[in-house]
Structures are given as C-alpha cells and as structure tokens.
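Here is the structure we will look at.
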Amino acid sequence: MGSESAVTAVTHVLPYLVAAYVFLVGCYGLATSRNLIHAVGCLAVCQSATYVLLLAVGYRDGGTAPVFSDIRPGSRPVVDPVVQALTLTDVVVGATVTALLLALTVQIAKRHGTVDPDELRELRG
Amino acid sequence: MHRLLPLLPAVPLLGAGLLVAGGRHLPRPVAEAFGCLAAATTAALAIVLLPHSSPALVEWVGGWFPKGGESVGIVLIGDGPSLGMAALVSLLTLAALAYSWHYFDEPPRGHAGTFPALILLFQGGMCGFAVAGDLFNAFVFFELMSAVAYALTGYRIDEAKAVQGALSFALVNSLGAYFMLMGIALLYARTGELAMAKIAEGLNAAAGHHGPDALTLTAFVLVLTGLLVKSAAVPFQFWLPDAHAVAPTPVCMLLSGVMVELGVYGVWRVYGTVFSGPGGLPAADVTRTLVVLGVLTGAVGAVMCWYQRHIKRLLAFSTIAHTGLFLIAVGVLKAEADDGAALYILGHAGVKAALFACAGILLDRYGTVDEFSLHGRARHLRGVGATFAVAGLALAGLPPFGTGLGKAVSEEAVGAPLTVVYVAASALTGAAVLRVAARVFLGFGPRPEEREGEEREEDKTSGADEEPETRQRLVRVPRTMGTVPAVLLAAALAVGVVPGFAGLVGHAVDEAGTWGVFSSVHWTATGVLLDLLSTLLAVGLALVAVTRPGLLSAPEWALPLRRLQSGHVGDYVAWLLVGTTLLGALALPAVLR
C-alpha cells in the first residue's frame, strides 16, 4: 500500500516537476544562446512548459476527454475543459510571437550579417 | 451602460481589421483619418462611461453569467481606474496618430493602412488589458499589446538597430509574459477560478487561518515578474532603452507614455484584487518587495539618464526612473499614495509624450538625436525649444503641472525617507532634459568634445547617425508635429490646475482600491515647496553641467552600472531570472511566519 501511494504521489507531482524543468531549461538556453534562431526556439520551449503546467492542472483521475458527443454528461469524470481552452489560446499566442520573432531574426541576419547575439552589441551604455 | 464595455477593445480592433483589409485601396489621408476616428471614438466612449463607473460596471461577455457562484465566462470591469487608463491610452493614441499625420514615412508603399492599423491594434490591446477582469484575458491582451509593440518597434525593418532593439524587447517581454502565465495557472490550480475577485475568494477559503503558503507566494512572484518586466523595474528594465532608442517617435510616445505605466497599473490591480485578502500576501511583505524595487529603479534610471547623450535613450531612462517612483507609491499600500501615483501617471504621460515628440522633430530635421553633435544647431526652433524646456521643468515637478501634483501627493503619503528618492530622481531626470535643452536649443556652454582617441564603448550609443522618420529631412516643422507636443504639455498642466479634477481622480482610485478610505487630494504648502526644490535642483544641475562640463562628467564609479546595459539579450534574460529570485527572496518572509 505504501509503495502504491508513493507511486501515485510521484505520478501526481511529476508533471509539475517536468513543467518547471522545461521552463528553466528554456531560460538557460535563452541566456546562453549563441544563435538567435536557437534563442527563439528556447522561448518556444519556455512556452511549452506553460502548456504542460496548464494540462497538468486540469487532469482528473480516470477522466476522459471533455467531449460529450458519445458520453452522457455526468456519467463519468472528464478532465477540465477550461485549461484546454487556455492552452489552445496560448498555442495561438505562441505561434504569432514565434512567427514575428523569426521575421525579425531574418531581418537582423540581412542587416547585420550575423545572428550571434555576441556580435549584436551596438546598443549599450 | 455596462454593455458598452466590450466596445473599448472592440472598436480599435475592428478599425484595425478594416484598415488592413481596405488599406491597399485607400489614399493615405483617408486611412489616417479613419485611424484617428477609431481612436477618438474609443476615447469618447471611455470618457462617456467614466461618470457611470460608480459602482463599477461589470460585463460578462456573451451572457456567460456565473452559475452557482462559479464562472467560466470573460468578465470586464469598468471602474474609475480601468476606464481612466482606457481613456488615457485612447487620447495618447490619438495624439500619436495626429503627430505622425502625413509626415511619418511608411515603408510599405501602396498600403496606407499598415501603420494606423498597427497603432489601433496596440490601442485595442492596451484598452483590453485595462478593463480585463479576469487574469487569463489580462494575459491575452497583455500579449496582444506586447506583440504589436514589438512589430511597431521594429517597424522600420530596413534599419539594423531597429530590428535588433525590437528583438531584445520581444524576447525579454515574451519570457516575462510566460512567467505570468505560469503564475496564473498556479492560481487556477489552487482556486479553480480565473476572475480576479473570485481567485481572491478562493485563496482566502483555501488559506483558512494559516495565511499564504508556498504556492500562493510562487504564483505572486511569477505574476509580478511578468508585470514588472512590462513596467521596466530594475533588474527587468534592460529591454526598455534599447526599444525606445530605435522605435519610431509616435510609438515611443505610446510606449513611454502609457504602456510601461500599464505594467504598474497591473501590479496595483492584481495585488489589490487578488492578493490583498487574508489568503494573499501580507501587506508588510508586499511593501518591502515593491518599495525596494521601486527605489532601485528610481536610482538606476535617474543615474543612467544623466549620462546619456542619445536624447531618446535619455528620455527612456527617465521613464525608468519615474516608473520606480510610481512603484514606490503603489507599494506603500495607502489610498493617498495610490491617488498620487494615478495623478503622476496622468501628468507624466503628457510630459513624456511631449518630450519624445520634440526629440522626433530634432531627428527629422537634423538626422541625429545626439546631444553633442546637435549643440546649438536648433536655435531657430524656438517653439519646439520652449516646449522641450518647459516639459523638462514639468518632469522635475514644477508646480502646477500634473507631474508636480502627483509627486507632491505621493511624497506626502510615502513619508520623509522615501521623499528623498522622489526629489532626487525627478531633479536628476529633469536636469538631464534641461541640459539637453540648453545645449541644443540655446547653444549654451562650450561645445562638448568627444574624448580624443579614448572613446569608451559605453559612449558609442550616441544617436549620431539616425535615419529621419520622414521621407526627406524636414526643412520646417509641420504644424501638426509642432502642435501635438504643446497640446500634450497643456494637458499635463490641466491635470494639475483644473479645479476638482485631482479630487475626481483620487475619489475614483480610492473607490476601486481596497483600503476603504477616501483621502482628499490637493496642493499643500509642503508639496509645493518640495516641487520647487526639485525644480531648482534640476535647473542648478543643468546649469553646472552646461557651463562646467568637467565637474559632472561621467565618473568612474558609474561605469560598471553602464556596462551592465550590455546590449546582449542573453544578459537581459539572466537578469530577468535574477530579478525573479530577488522578488521571491524579498517576499519570502510571508510564508515563514
């Protein structure tokens, strides 16, 4: 019984740990990036952590997808549809921001001839 | 009346959509007039709604009312501060559109609608953020205004510096927004609610008699990180000077005048509505966190402002200094300080937008915003020079400008030790602007020399070779560009002198606040004296700097501070993480009791 509850505790906490890890790893990548395309990718990694966290928050034990075309409302537990709507909105926001950032990166590559942040240091002081 | 609330973000968004769809077929004056019309309609709407905002207007969009105390709908709140911010956003948008009228050069030829459409989108995002009553929609509007701001900052895509500044801005601010979203997810996990007032109820119920736990603290720190990145508090501020130095002037007016302040407004709203209950954070810890950051921000912003020669960067750093002052006022958690911050933000918006507008005229007339190379060259621009100098005095807090009133009311509320920060920061930023005015418009003092052969890396961002934003260099100042800063400055003056206005603002802020008291807001003798003191200090410092440049030139101890502004986006992200840790450390005692 003890080991079983320990397993449940791990499976309950694990998604949150994964979200924190993915977020921090993305931040690390952003801070140490040597290539702006890589940096934009790292930002997308950080955002993926928010998807993991949101979906983990909405999970219910034994729950199924909140689609009521083939199940009767109330007949069995479903996962929280609100966080799924939030995640979907978040994905849309992320796609827009990533596209805009990559467009800016293309323009930087054209005007500066480099995408290495170490060489892009005109604005300082 | 509450049914009209969704129109505040909807009108500008719809206008932007129409301009994007039809802009290709429109002549430029029609597209710009339409943009002005949409901005003005929104402003009028916000102002019409303002007298009806007591009690606050609440609109559940699409009729998704709460059932049995639980809600999944989108809620918009129209109280005094939110409608006031929406009105400020809309009026400043109108000013920016009027300023760029016909003269602002637009890269995509044959599509006259692009620039006004982007400005309207920006306005829609900011209005939406101001009236959002639930955290997730606040995040969505936050991201909308951020994304449009990145696009507007890098609007002149053929300029190397513009796209670089826009990318730093975008990476740092987007990361900040994701921090905020993580915090919102944690709050939803704890309470199952997204509407701010509902989250507060949930937190109180969950905490019981124990007070906040680690999860509440983490959520507070994460949400605050996002908002403080937007409000450019130290150490989240690095993106701001880079973005402001390269953004087109009308965009700078909006960024500095109101977008950064919306971050402070967000801090006030989120703390007051979500975290001020027994399940939230204790007042002492919040005050410690915000006041420490505010003092740091005020000091760093003012010192960095003084050592700039790039005029737009100088103004950007002065915005950072003033944001620090707003944060202190919000952080002391007193009704009177909130009133002071609101008045200060109103006055500052007019003054700072006027200053950027004048800097833009210099850029378009001379192709440079470098204080050194402009020395004495703008002597004949008397009107612009007078506006710039008076705005500098107003920035230092000259009574009876709105900035002076806001500063005086805040100083009275925050107490004597913090008043020193107010006087010092406003005097130093005002002095920097007056120094520029004396050199550029009057040609006072010896011509500042480049350091021969030993020009430091930090001095290279001078603004000497900038492209004018007009199609060709201006020969004379167009009437619109000259009038807009004067009108903005007059508005900042009106905030301080129109009888009863300050009282109305104070009453509206107190009513929406959580302190349950109403303070009377008016000029006091001490306030006027302190304002005069900081103005005199500013004038004195500027005079010394102009006549004896050696005395106040950049000392060695300021160099490390300037080197931190390294222009490297990786450094800025690292500082953001340091800042989040600092926030956590400052607020940590909340859960240790």
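Cβ coordinates come from backbone N, Cα and C, glycine included.
Predicted automatically and left uncurated, TrEMBL annotations should be read as such.
The annotation compositional bias 'Basic and acidic residues' is assigned in TrEMBL to B:447-463. The domain 'NADH:quinone oxidoreductase/Mrp antiporter transmembrane' feature in TrEMBL is assigned to B:132-410. According to TrEMBL, the feature region 'Disordered' maps to B:447-472. Annotation source TrEMBL lists transmembrane segment at B:31-50, B:83-101, B:138-155, B:167-189, B:214-233, B:245-268, B:314-335, B:341-363, B:414-437, B:486-509, B:529-551, B:572-592 (among others).
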- Output the single range from B:138-155, B:414-437, B:486-509, B:529-551, B:572-592 maximising the number of Cβ pairs under 8 Å to the transmembrane segment (B:214-233). B:572-592
- Task: With pairs restricted to those 6 or more apart in sequence, evaluate whether the transmembrane segment (B:314-335) and the transmembrane segment (B:414-437) have 3+ C-beta pairs under 8 Å.
- Result: yes
- Six or more residues out from either end of the transmembrane segment (B:341-363), which same-chain residues have a Cβ under 8 Å from its Cβ atoms? 81, 84, 88, 92, 95-96, 99, 249-250, 252-254, 256-258, 261, 264-265, 268, 311-312, 315, 318-319, 322, 325-326, 329-330, 369, 374, 378, 381, 384, 387-388, 391-392, 394-395, 401-407, 409-410, 433, 440, 466, 468-469, 474, 477, 481-482, 484-486, 488-489, 491-492, 495-496, 502, 505-506, 509, 521
- Task: Give me the stretch from B:83-101, B:167-189, B:245-268, B:529-551 with the greatest number of Cβ pairs under 8 Å to the transmembrane segment (B:486-509).
- Result: B:83-101
- Message: Please determine whether the transmembrane segment (B:414-437) and the transmembrane segment (B:245-268) are in contact (criterion: at least three Cβ-Cβ distances under 8 Å, sequence separation 6 or more).
- Response: no
- Note on the structure: Near the transmembrane segment (B:83-101) in space but 6 or more residues beyond its ends, with Cβ under 8 Å, are 8, 12, 32, 35-36, 39-40, 42-43, 46-47, 49-50, 53, 115-116, 119-120, 122-123, 126-127, 130-131, 248-251, 253-254, 257-258, 262, 265, 342, 345-346, 349, 353, 357, 360, 480-481, 483-484, 487-488, 491, 505, 508
- Message: Counting only residues 6 or more past its boundaries, what in the same chain has a CB within less than 8 Å of a CB in the transmembrane segment (B:245-268)?
- Response: 81, 85, 88-89, 92-93, 95-97, 99-100, 104, 119, 122, 126, 129-130, 138, 142, 145, 149, 152-156, 159, 161-162, 164-166, 224, 227-232, 290, 310, 312-313, 315-316, 319, 323, 326-327, 330, 338, 341, 345, 348-350, 352-353, 356-357, 359-360, 363, 461, 463, 469
- For the transmembrane segment (B:167-189), find every same-chain residue at least 6 residues outside the stretch whose CB is under 8 Å from a CB in it, and list them. 135-136, 139, 142-143, 146-147, 149-150, 153-154, 199, 203, 215, 218-230, 236, 238-240, 242-243, 274, 567, 569, 572-573, 576, 580
